[in-house]
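Colleague: Next up is a structure, given as structure tokens.
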Amino acid sequence: MSSLESSSESIAVNILGQTNRRVARAQAQAFIDTLKPLQHPNSQKLYLQGSRADLRVGMRQILQTDTRIGGRAAAPNVEKNPPIPVYDCAGPYSDPAAQINVRQGLAKLRLPWIIERQDTEVLDCTTSDFTQQRLKDDGLDHLRFEAGSSAIIRPRRALPGKRVSQLHYARQGIITPEMEYVAIRENMALADVQDEILNRRGQGESFGAVIGKPITPEFVRDEIARGRAIIPLNINHPEAEPMTIGRNFLVKVNANIGNSAVTSSIEEEVEKLVWSTRWGADTVMDLSTGRYIHETREWIIRNSPVPIGTVPIYQALEKVNGVAEHLTWEVFRDTLIEQAEQGVDYFTIHAGVLLRYVPMTAKRVTGIVSRGGSIMAKWCLSHHQENFLYTHFREICELCVAYDVSLSLGDGMRPGSIADANDEAQFAELETLGELVNIAWEYDVQTIIEGPGHIPMQLIKENMDKQLIHCAEAPFYTLGPQITDIAPGYDHFTSGIGAAMIAWYGCAMLCYVTPKEHLGLPNKQDVKQGLIAYKIAAHAADIAKGHPGAQIRDNALSKARFEFRWEDQYNLGLDPDTARAYHDESLPQESAKVAHFCSMCGPKFCSMKITQDVRDYAASLEADAKAQSLAAETDGALAPLGSVQQVKSGHSELSHIDAELNYIAVKTQDELTAAMAQKSAEFAALGAKLYLPLDNANAANELAKHKDGAKLQSKTQVAKV
């Protein structure tokens with residue numbers, strides 16, 4: 001190819017890329033302009049009332065259809081199925097009664113609670129030099145909230161000498177409204193579900209976690225006070241709904257969003273925020289590295305019902321034009337203040353990347369893969385000084401506790417391939433993070449620990465065990481881990497497996513991985529795919545740990561599946577839209593919505609349908625046996641039943657009947673064959689049709705009796721196979 005051809009092709013690709021970005025931005029703008037609350041199919045927003053009028057905990061309940069247990073089509077006998085309550089991260093975005101206006105931001109849910117504690121002050125203006133510079137730039141006005149918007153708030157800070165963290169309050173024995181909110185939210189109203197089938201569950205294995213106790217406000221306070229859980233809520237983010245991260249609570253999932261220098265816009269990031277909460281993101285990290293980081297973050301925070309995290313070193317690096325060697329503590333400190341006053345709820349700080357650890361990575365296959373870790377490693381080597389995040393860590397803590405910003409101690413030495421897993425550099429940093437968490441606790445700063453990464457399955461538990469030992473049970477927050485490196489494009493699978501395992505062992509929050517991991521910046525659909533994969537992993541871990549009520553949704557869906565309640569199957573799932581679409585690909589007819597089979601096995605080989613028929617056959621024999629028993633009591637004689645010998649009277653008769661019924665329930669192969677032959681005859685007698693008109697339903701019920709006297713049971717207008 002000539003240089004001219006190469007240049008032309010490059011120009012064409014660039015034009016196409018710009019066109020695609022314009023289209024994406026326009027679509028995101030349209031999404032924001034028309035944004036209305038959106039609920040999942042057949043779901044309702046539910047609010048549980050706390051101890052005070054302004055403490056209403058939002059969640060979702062999935063409504064179910066009735067189960068038909070007999071009767072005629074025109075007058076069926078039904079069994080009511082209860083609504084299933086589920087955790088909801090979407091805040092007002094899933095409430096049809098909410099008035100959504102992205103340009104006004106969300107309601108300040110927690111502001112009254114913050115004000116009444118009387119330990120904060122409203123600042124006259126921001127104290128960050130960078131923020132003041134941005135506000136003076138009129139050229140950025142088009143990126144800001146309009147003057148007078150309710151989204152604009154003046155920043156708050158702790159009064160001199162005060163600490164305003166949830167950890168500080170917990171250690172004082174104070175149960176805050178945030179703690180009560182969390183307790184109600186974690187219980188999810190599952191105590192109201194009394195159905196025996198829905199509450200079935202196996203014995204969990206919690207690996208030392210305190211699972212099974214009622215989640216009371218006092219339990220939440222105690223976990224926070226011990227440092228085993230956090231409630232990441234900046235006093236400047238009153239829009240956020242309280243949630244907790246800790247291994248004795250439900251496993252949480254974080255979603256990453258953020259623009260870069262080459263793609264995405266503010267509109268797209270706000271769209272991804274709303275999209276993330278719809279699909280279950282418990283927290284969102286804004287990892288923006290491109291232009292307008294400050295303005296993008298402002299729009300995200302003011303419209304976020306979930307905690308927002310950042311990696312401040314990314315923006316600090318932008319301020320020194322991307323040259324790591326030019327970073328200073330002063331630039332970084334101003335960045336912390338800027339973000340804390342905006343309302344960032346937790347900072348990822350790579351303070352454990354020490355100068356002496358950098359040479360430990362020299363023989364790694366993939367070296368240092370953490371972006372923040374590599375930035376600090378380069379700074380340490382270029383200055384041949386200790387990491388300034390480590391040497392200034394106490395100052396970082398003093399700043400964080402003034403806004404209740406939680407710390408997420410970053411794993412800058414995490415392995416980037418399974419070949420590097422559990423090596424010296426990784427565990428050396430982990431020990432340092434344990435040292436730092438104890439310093440943070442001296443200042444009442446809520447803290448979690450970040451973890452790997454790429455770890456083969458057999459080495460995962462060692463990571464959890466060492467973290468608990470070195471970090472005094474501070475919550476663990478991991479990226480996966482990815483358990484194999486052979487599947488680019490499918491790393492939400494390879495990491496989801498590891499995520500489920502480490503969450504079962506005790507990890508408190510999982511950072512999602514999308515199909516674009518290692519390949520590019522995720523779009524909306526990638527975000528959804530990553531979240532669904534990780535919600536599966538988190539939920540599977542909750543079940544394995546033995547969380548009370550965690551399995552209720554599974555049992556409800558299984559019951560719906562067995563009863564061929566197709567709509568309930570879709571709606572009880574994590575992604576109703578996809579489930580419905582997959583079913584309709586092969587069976588699009590409306591009649592298929594009530595069919596007692598799917599396209600996998602077809603009408604003649606559905607195991608669940610066959611099982612139902614066998615149950616009906618056994619039930620008919622049981623009914624006949626009971627009738628004979630009653631007749632025997634009246635006439636003084638007992639009609640023969642199978643091979644059961646006739647007995648004279650009373651309890652002896654009933655015990656023999658029970659023994660025979662137990663035998664029927666077990667079923668020999670011959671009896672199963674006979675039962676299927678009978679159903680085959682019934683099917684043929686009805687004209688071998690899969691579906692019967694509604695006006696023929698009664699006629700079907702009156703079908704001629706077969707040799708054994710069993711009647712055709714027609715639970716629906718769909719003919720039994």
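Just so it is clear, glycine is given a Cβ too, placed from its N, Cα and C backbone atoms.
Not my notes, these are from Swiss-Prot:
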BINDING   N256, M285, Y314, H350, S370, R371, G372, D411, G412, M413, R414, E450, Y477  substrate binding site
BINDING   H454, H518  Zn(2+) binding site
BINDING   C598, C601, C606  [4Fe-4S] cluster binding site
Colleague: Give the three-state DSSP assignment (helix, strand or coil) for S370 (substrate binding site).
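Modeller: Going by the DSSP assignment, S370 (substrate binding site) belongs to neither helix nor strand, so it counts as coil.
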Colleague: Measuring Cα to Cα, how many Å separate Y314 (substrate binding site) from H454 (Zn(2+) binding site)?
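Modeller: One finds 23 Å between the Cα atoms of these residues.
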Colleague: Hey, what's the Cβ neighbour count for R414 (substrate binding site) at 10 Å?
Modeller: 27
Colleague: Work out how many Å separate S370 (substrate binding site) and H454 (Zn(2+) binding site) at their Cα atoms, rounded off.
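Modeller: Between the Cα atoms of S370 (substrate binding site) and H454 (Zn(2+) binding site), the distance comes to 12 Å.
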Colleague: Roughly how many Å lie between the Cα atoms of N256 (substrate binding site) and H518 (Zn(2+) binding site), rounded to a whole value?
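Modeller: N256 (substrate binding site) and H518 (Zn(2+) binding site) have their Cα atoms 14 Å apart.
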Colleague: What is the interatomic distance between the Cα atoms of R414 (substrate binding site) and H454 (Zn(2+) binding site), given in whole Å?
Modeller: 8
Colleague: Relative to the Cβ of H454 (Zn(2+) binding site), which residues of the same chain, six or more apart in sequence, are found under 8 Å away?
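Modeller: The answer is R414, P415, G416, S417, I418, D420, A421, G480, P481, Q482, D485.
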Colleague: Just to verify: the residue among G372, G412 with the fewest other Cβ atoms within 10 Å, which of the binding-site residues is it?
Modeller: G372
Colleague: List the same-chain residues at least 6 positions away in sequence whose Cβ sits under 8 Å from the Cβ of H518 (Zn(2+) binding site), in sequence order, or say none.
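Modeller: Sequence-distant Cβ neighbours: P488, D491.
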Colleague: Provide the three-state secondary structure of Y314 (substrate binding site) computed with DSSP.
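Modeller: The residue in question, Y314 (substrate binding site), is helix (DSSP, three-state).
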Colleague: Which of the listed binding-site residues (Y314, Y477) has the least company, meaning the fewest other Cβ atoms within 10 Å of its Cβ?
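Modeller: It is Y314 that, of the binding-site residues Y314, Y477, has the fewest other Cβ atoms within 10 Å.
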Colleague: Just counting, how many other CB atoms are there within 10 A of the CB of S370 (substrate binding site)?
Modeller: 25
Colleague: Among N256, M285, Y314, H350, S370, R371, G372, D411, G412, M413, R414, E450, Y477, which the record lists as binding substrate, how far apart in Å are the two most distant Cα atoms?
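Modeller: Binding-site diameter by Cα atoms for substrate: 20 Å.
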Colleague: Would you mind checking how many other C-beta atoms are within 10 angstroms of the C-beta on N256 (substrate binding site)?
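Modeller: N256 (substrate binding site): 24 neighbouring Cβ atoms within 10 Å.
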